[in-house]
């Protein structure tokens, strides 16, 4: 049987008649959290029986959760075939109430989702790569990560969250399923998470960046850059052999994006490797003419890693150079340092592996 969460609403409309029933089913699953068809009380009994015969609603199992002092939560989720993926809940702003208990400002969250079991790209600094590639996630398996985390944290269905495709896997290597997940998330009868609240991160698959742009999904784009010259980037990210920095930058320049938004460039700061002002100067030159935002990320060490976390003073100096030269730059607040929050850490930890 099919997992009904794999279907966009348009696909579901081909399965049920009349078509408006697809809207109701979406509302039951994505707004009311229904886990079975019998509870969908405004559907005819005959339709509920038919749905039970054709489809399943199969949420993943929560195998492990680690909670950080900063409120971040790292989830290890078990899929139906026994494989596991990781997802992370990142609280961005706390809820504020007045003395009467009325909500002044709603809490804001970002959910980091995985797109594959394992990864083909093989970045040297990423623990997920050590386990190799197993398979792509289905659209439903991507969507289920957010549903599961939302339910586990009692996040109201009408609370908008941001989604970043930055977990395990290379999203553009699973582009068709990721694109379907974007549509499912953004459907008005579902979670109504605007594409502008969804960021797809890529290691730099230049042709797929172009294809993503042609799909006109309206999502935000993030590029995992991490180096400013091909020699170093190739050592850190073998994908650079196929798609060098120049080809990635050209693909970014051609990518359609809302005029109010910017392309994010993620730059992992590694001590004594890419964290000096010489690299900052090259980065400014590289991004000339691009409406970009650079996100500096502290390397999150894992057992056996050959890399080290950079000094805060070096990261701050790097940021200052970029800002002084007209490049918008932020330092990502490190979250989950006490909970194995780097990709792949919780999975390896749960399996008792030492790397």
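Glycine too: its Cβ is placed from the backbone N, Cα and C atoms.
Per Swiss-Prot, the features are as follows:
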type	residues	note
ACT_SITE	86	active site, proton acceptor
ACT_SITE	343	active site, S-methylcysteine intermediate
BINDING	119, 123, 126	[4Fe-4S] cluster binding site
BINDING	169, 170, 201, 224, 225, 226, 300	S-adenosyl-L-methionine binding site
DOMAIN	105-338	domain 'Radical SAM core'
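Distribution of Swiss-Prot features across the structure.
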residue: 169; record: S-adenosyl-L-methionine binding site; contacts (Cβ under 8 Å, 6+ apart): 114, 115, 116, 117, 118, 119, 128, 136, 137
residue: 170; record: S-adenosyl-L-methionine binding site; contacts (Cβ under 8 Å, 6+ apart): 115, 116, 119, 120, 121, 202, 203, 205
residue: 201; record: S-adenosyl-L-methionine binding site; contacts (Cβ under 8 Å, 6+ apart): 164, 165, 166, 171, 222, 223, 224, 264, 266
residue: 226; record: S-adenosyl-L-methionine binding site; contacts (Cβ under 8 Å, 6+ apart): 125, 233, 236, 237, 266, 267, 268, 274
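Of the residues the record lists as binding S-adenosyl-L-methionine, namely 169, 170, 201, 224, 225, 226, 300, the two whose Cα atoms sit farthest apart are 19 Å from each other. Counting in whole angstrom, residue 225 (S-adenosyl-L-methionine binding site) lies 22 from residue 86 (active site, proton acceptor) by their C-alpha atoms. According to DSSP, residue 224 (S-adenosyl-L-methionine binding site) is assigned to a strand segment. Within 10 Å of the C-beta atom of residue 224 (S-adenosyl-L-methionine binding site) sit 24 other C-beta atoms, taking all shown protein chains into account. Residue 300 (S-adenosyl-L-methionine binding site) and the residue listed as 'active site, proton acceptor' have their C-alpha atoms 16 Å apart, to the nearest angstrom. Secondary structure at residue 86 (active site, proton acceptor), as computed by DSSP, is strand. Taken together, the residues in the domain 'Radical SAM core' (105-338) have a mean pLDDT of 94 on the 0 to 100 scale.
Here the Cβ of residue 126 ([4Fe-4S] cluster binding site) has 20 other Cβ atoms within 10 Å, regardless of which shown protein chain they belong to. A Cα-Cα distance of 17 Å separates residue 123 ([4Fe-4S] cluster binding site) from residue 86 (active site, proton acceptor). In the three-state DSSP classification, residue 201 (S-adenosyl-L-methionine binding site) falls within a strand. For residue 119 ([4Fe-4S] cluster binding site), the count of additional Cβ atoms within 10 Å of its Cβ stands at 25 [all protein chains shown]. Cα to Cα, the residue listed as 'active site, proton acceptor' and residue 126 ([4Fe-4S] cluster binding site) are separated by 13 Å.
Residue environment of residue 123 ([4Fe-4S] cluster binding site) contains 20 other Cβ atoms, counted within 10 Å of its Cβ in all protein chains.
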